[in-house]
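According to Swiss-Prot, the protein has these features:
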DOMAIN    48-142  domain 'Ig-like V-type'
TOPO_DOM  48-408  topological domain 'Extracellular'
DISULFID  Cys67-Cys127  disulfide bond
CARBOHYD  Asn70  N-linked glycosylation site
CARBOHYD  Asn104  N-linked glycosylation site
CARBOHYD  Asn116  N-linked glycosylation site
DOMAIN    147-241  domain 'Ig-like C2-type 1'
CARBOHYD  Asn168  N-linked glycosylation site
DISULFID  Cys169-Cys223  disulfide bond
DOMAIN    246-332  domain 'Ig-like C2-type 2'
DISULFID  Cys270-Cys316  disulfide bond
CARBOHYD  Asn307  N-linked glycosylation site
CARBOHYD  Asn311  N-linked glycosylation site
Amino acid sequence: MASPVLPSGSQCAAAAAVAAAAAPPGLRLRLLLLLLSAAALIPTGDGQNLFTKDVTVIEGEVATISCQVNKSDDSVIQLLNPNRQTIYFRDFRPLKDSRFQLLNFSSSELKVSLTNVSISDEGRYFCQLYTDPPQESYTTITVLVPPRNLMIDIQKDTAVEGEEIEVNCTAMASKPATTIRWFKGNKELKGKSEVEEWSDMYTVTSQLMLKVHKEDDGVPVICQVEHPAVTGNLQTQRYLEVQYKPQVQIQMTYPLQGLTREGDAFELTCEATGKPQPVMVTWVRVDDEMPQHAVLSGPNLFINNLNKTDNGTYRCEASNTVGKAHSDYMLYVYDPPTTIPPPTTTTTTTTTTTTTTTILTIITDTTATTEPAVHGLTQLPNSAEELDSEDLSDSRAGEEGAIGAVDHAVIGGVVAVVVFAMLCLLIILGRYFARHKGTYFTHEAKGADDAADADTAIINAEGGQNNSEEKKEYFI
């Protein structure tokens, strides 16, 4: 700002100021005040060479005041407080306040520090330069005071879902007034603020009306302060506690594939969450009674051996002190699956066995006497083939009627083996008897004295079979 300039011919005033500095302390102060009063009456002129800067400082920190001269002519510089009391005259400090310390003194600058700044130190400080004419400039010290206390208060410690609650935040004794911002989690909300001023200090109270939901349970409500004396984030917070009615969900735990058929087992589990935790979970069947074979165990519903009569809607109900809720499950029982056997390929190996059966035939000539004659052995392979063919036909018929039945095939094979063994046994026995058995007369004749005649009779019987008249009978 512009400084008052002394008129020409007033060098005596500067000399008087120098003399006042050398006078005793009590007289010195009076002379300086008189000199300053006289200088203030001098009209303003041009040629300002004295400069200062405003200072902003946080309470408790250090403020630096500097009086600078642009074009120095070795004139006297002094610093005064808002009450016009001299703090420093050149490098001399008349004021008995040790918080003021001289940092630099020269013909072009007077720099002074003020430690532990308080709100009472705020105001205008004057720099004076005793030139011809004298000059004066001032600097303003602004003291910032951060909030001394930050408090948040919730109307209700525990809220119920759907309620609207009041939350207040107070920032006390700040300068200037603070700005309060609200956050719920990461979402910013808008509140209403009121400011109270007392002794140049400000108290700000912000009110937030908040409607809570179950999702807000455990979410912090943050009161954040913005102030020039505060670096970073100054904030306080409270966590919401919201009670809400149960949330019910039904899970089918069996069968795992999710398809219910007749004869299957069936199980449902009811999951209920809430605040406070639900104290009662019950199962009911909507519009009908619960099946008698249904088993209820806490949150679980179990039905064994499902049938069509179990179709319907099953409801799980849960409740707490806030309220109750339910969830429904519609059961539909499907028909049991139809079992179709997979196609099988049966390979049948047919073995044809030709059996030759030897039958012993004894022919007795009815035209002769009672002596029998053995004509020989006759083989009838055709009869064996017919018998084998019948067995084979029966075997094939059995196989066609029992495709896929392994037991029947095994039994048929065993029977065939037994039949074959019996036929072989008959053949062996037939051959045996054919070789060792003759007629009664033949054996008796061979045992007598005239065995030779008996042999002749046998030969005649074998050789003369075509002519009955030539047959001769011998009686032994």
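Every residue, even glycine, has its Cβ placed from backbone N, Cα and C.
As the structure is a computational prediction, the values presented were derived from the model and not from experiment.
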Of the recorded positions Asn104, Cys223, Asn307, the one whose Cα sits nearest to the Cα of Cys270 (disulfide bond) is Asn307
According to DSSP, does Asn307 (N-linked glycosylation site) sit in a helix, a strand, or coil? coil
Mean predicted confidence [pLDDT] for the domain 'Ig-like C2-type 2' (246-332): 94
Round to the nearest Å and give the CA-to-CA distance linking Cys169 (disulfide bond) with Asn307 (N-linked glycosylation site). 64
Please list, in sequence order, the residues in the chain of Asn104 (N-linked glycosylation site) that are at least six apart in sequence and whose C-beta is under 8 Å away from its C-beta. Leu110, Lys111
Among all protein chains shown, how many Cβ atoms are found within 10 Å of the Cβ of Cys270 (disulfide bond), not counting that one? 24
Under a criterion of Cβ-Cβ distance under 8 Å and sequence separation of at least 6, what residues of the same chain contact Cys223 (disulfide bond)? Leu150, Ile152, Cys169, Ile180, Arg181, Trp182, Ser206, Gln235, Thr236, Gln237
Taking the Cβ of Asn168 (N-linked glycosylation site) as centre, how many other Cβ atoms lie within 10 Å? 15
Pop the Cα-Cα gap between Asn70 (N-linked glycosylation site) and Cys127 (disulfide bond) into the table, whole Å please. 13
Residue from Cys67, Asn70, Asn116 whose C-alpha is spatially nearest that of Asn311 (N-linked glycosylation site), among the recorded positions: Asn116
Using C-alpha positions only, work out which of the recorded positions Cys67, Asn70, Asn116, Asn307, Cys316 is nearest to Asn168 (N-linked glycosylation site). Asn116
Sort the recorded positions Asn116, Asn307, Cys316 by C-alpha distance from Asn70 (N-linked glycosylation site) and give me just the closest. Asn116
For the C-alpha pair, I'd like the distance in angstrom between Cys67 (disulfide bond) and Asn307 (N-linked glycosylation site), rounded off. 103
Per DSSP, to which secondary structure element type does Asn70 (N-linked glycosylation site) belong, with helix, strand and coil as the options? coil
